[in-house]
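What TrEMBL annotates here:
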type     : residues : note
DOMAIN   : 170-436  : domain 'ABC transporter'
TRANSMEM : 532-553  : transmembrane segment
TRANSMEM : 565-588  : transmembrane segment
TRANSMEM : 608-637  : transmembrane segment
TRANSMEM : 649-668  : transmembrane segment
TRANSMEM : 674-696  : transmembrane segment
TRANSMEM : 756-783  : transmembrane segment
Amino acid sequence: MAQLVGNDEIESPRSELIETGKSLRSSLQHHISSSRSSSELNSVKDDVDNELALWAKIDRLPTFERLRSSLFDESDGSKVDVQGKRVVDVTKLGALERQMFVEKLIKDIENDNLRLLQKMRNRVEKAGLELPRVEVRYKNLRVEAKCEVVRGKPLPTLWNSLKSIVFDCAKLPGLKSHESKITIIDEVNGIIKPGRASSLHLPSFEHIFHLFILFPQQVSGEVLYNGYKLEEFVPQKTSTYVSQDDLHMPTMTVRETLDFSARCQGVRSRAEIMAEVSRREKHAGVVPDPDVDIYMKAISAEGQRTTLQTDYILKILGLDICADIWVGDAMRRGISGGQKKRLTIGEMIIGPTKALFMDEISNGLDSSTTYQIVSCLKQLAHITNATILVALLQPAPEIFDLFDDIILMEGGKVVYHGPCSCVLEFFEDCGFKCPERKGVADFLQEVISRKDQAQYWNQAEQSWSYISVDLFCKKFKESTFGKKVDEDLSKPFTKSHSHKNAISFSKYSLSKWELFRACMSREYLLMRRISFIYVFQTVQLVINAFIAMTVFLRTRMGIDVNHANTYLGALFFSLLILFFDGIPEMAITVARLPVFYKQRDLYFYPAWSYTIASTILKVPLSLFAALIWTSLTYYVIGYSPEPGRFFRHSILLFALHFAATSMFRFLASISRTMVASFSAGFLSTLAIVLFSGFIIPKSSMPTWLKWGFWVSPLGYGDIGLAVNEFLAPRWQNTLAGNTTIGKEALENRGLNFGAYFFRLSVGGLLGLAILFNIGFTLALTFLNPPSSRVIISNEKLSRIEESEDSSSGADKDAKSKIYEKTMSKHHQDRLVLPFEPLTLVFQDVQYYIETPLEMRERGSTEKQLQLLCDITGALRPGILTALMGVSGAGKTTLLDVLAGRKTSGAIEGDIRIGGYPKVQETFARISGYCEQSDVHSPQITVGESIVYSAWLRLHPKIDSRTKFV
């Protein structure tokens, strides 16, 4: 991202560029003559001249092509080989070429990444351009959460929900409110400066990150980006938020996830900076570093489905080993938890934003990987002037030392905000000293804790008394560090000094057409990945078709009024089968909603691009289902044989299937949870079938209920199929009363409509489908993820208010003694449950899985992928054993194999329990496995979960009272 400076300021960098260009040949020749023999000198000079000729060829290209062309070196970089260099379009590099280039560019991640960033910055500065920077200020920030106060357990029971609805509807002046407010963040101030890596330390205060990028919160105070208020620009595009939650499409690979993120976030002003740098270097005759030129041009080219930036991020984060493996989830095998966390980081930093807010990025990562990631973030901050704030819970000492600034928070208040190098000085002024062999991060966590604070007291002449968070905050505001923050905040940031590309004022990085194309390609990919569902639906459809063909066989039915009812039953059965075939859309839509909400709120794409792509790609499926059903059943059942009626039959079934899938998607987007969507789907289906005109004929419906017939998709389907069949020539035999068999059959069912009603029925079904898809789009645009109302008991609210009002340490000391006395009493009441100690021994354990299709498509020839290789060990009773390894080493895989949780793949080796071969049926009764993923029933409390587990796992002879204890 670049900003043009004044003409006077350009002259110096431009002259420097010209001098650099003029001295290039002489410097190269001097280097060559000093290091080569005379026999090699001429050859090398020719190579250099050839290389310069290639660069001159690039400079003669039109601007658009010049910005996409560079000199690609196919050698490994260990020697000069001009014959191996060629002019390439950087946007058309193949997968193998991109991988080879990144491997050559980044061999040692920490050092080579630093070198690459430095070269890029030097190139931009020599061109007379400056990088944008973002300064974030927050003043008097306060967050209050509304909660409903109830008596007894704070659970969303039917009674509590009913009372809440009643009080919401009858809020009258003078009545006592059943709502209260809890302060989450209390009047915090500070500045997050560009070019410095800041750490948000101790509690996981996700709320402060939400404030910086305008996630829904009830806040007071203000947040400024380079002097702009949040309402004046688009903070979601100016900054990036990395959440704690690893939300990804489980059926996409790591590479595909990063490619889609890079495509949606776009290049923004990278293209502008590259164009200006290239123009000035061409004018000065400067030959750039080929590797840096390829990388900068590749990441600044727009409209790429796969980019070099993806391979770079994969390498930096150590995800290249699992690039072509599904992300997976609790039900699908995929990458490890640590790799998911790195993918979450990569998904955000792959974009061109200049401000990063990252919440608990170390969860699931080993210390070495965390150090490597934080080190790269520090390089990014220092070299590119990025603004970075990272929340870490008790980081390792070597990771803590990487940060420049620290924000120490407790209880929603800032205890310290300033340089990391001065934090110990601040606490020494408060009377606390960190021991020499104590990590600073551990010290900071414990020094503000009531339980651990006393051990760090360093004032021998004065006895220790607990210093509360409020007192620490007061001391900080009175200290030089607090005064420095206030002084900086008192100096307003002038908007005119802000880089024109630092703040984003547009919601989306791509044009509407490009956004639609991106969502379309991803939707097609996701449909391919769950093709089994569509294949299963087709098989189910074929089976139902054979059932229909045998039940309604044409040889058993004639052309008369009695058999007309059988034909009507066959038509209605066809409608039901095609209608119910759309039900799986609910589960598919609900499963994708969490990822959609995340990407929508980050402005990856608008809701309409997602819904239109999803709708269009479902049209062929509806058409295919209608053709399959009609082709199998139409002539076997014995409908009217005219080809035109056959195709009209297919068209109406297609319209019905399309309307059904649209309706179920709409219900899923409104309900937003699996349980609620299926409940809504069941009730809607019941009403639609009831008003279809078959169970209750239209003529038998009360006048005030006939509107239900005209809003039922099955009603339109029943009209269309009946009219198409019974107005055929073979049903036109005249009966008594000057009527035909067909008209008599239609009148008996209340479907006496003209032939033109077939077109109206098709139009009605397509109209309903359009309405459902419009509702689908509106629901995804305006509705947010479901969240339950915050409920708190009177007792807990009283404790919170008392803790906020209490400022002296004496009351808290008394409470601490009461707490310790209570806990010691609980310890005395502990029970020891009897069990038999067992030894677990495993020898030469191997685990294989089939090579993923994506890896085979990228050239892998192995049929099986080995994840565990010759693992041998023993776990003895009374010995605590630690299983260690870097992220992705196979720790979870080994635990899954030992616990018997693997349901696919091939397991080899010997596993014995107490000397006997392991039998999973009995082993499951004596073992417990704490998995990495936290899968729980969301509607029950923590205590209820534990009691339920105790009832299932403890021996039946243990009495109920003991189980509760």
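Cβ atoms are placed via backbone N, Cα and C, with glycine included.
Stretch with the most C-beta contacts under 8 angstroms to the transmembrane segment (608-637), considering only 532-553, 565-588, 756-783: 532-553. Most Cβ pairs under 8 A with the transmembrane segment (649-668) among the ranges 532-553, 565-588, 674-696, 756-783 are made by 756-783. With a cut-off of 8 Å between Cβ atoms, the residues of this chain six or more beyond the transmembrane segment (674-696) that come close are 568, 572, 575-576, 579-580, 583, 586-587, 589-590, 663-664, 667-668, 705, 708-709, 711-715, 717-719, 749-751, 786. Confidence over the domain 'ABC transporter' (170-436), given as mean pLDDT on the 0 to 100 scale, stands at 86.
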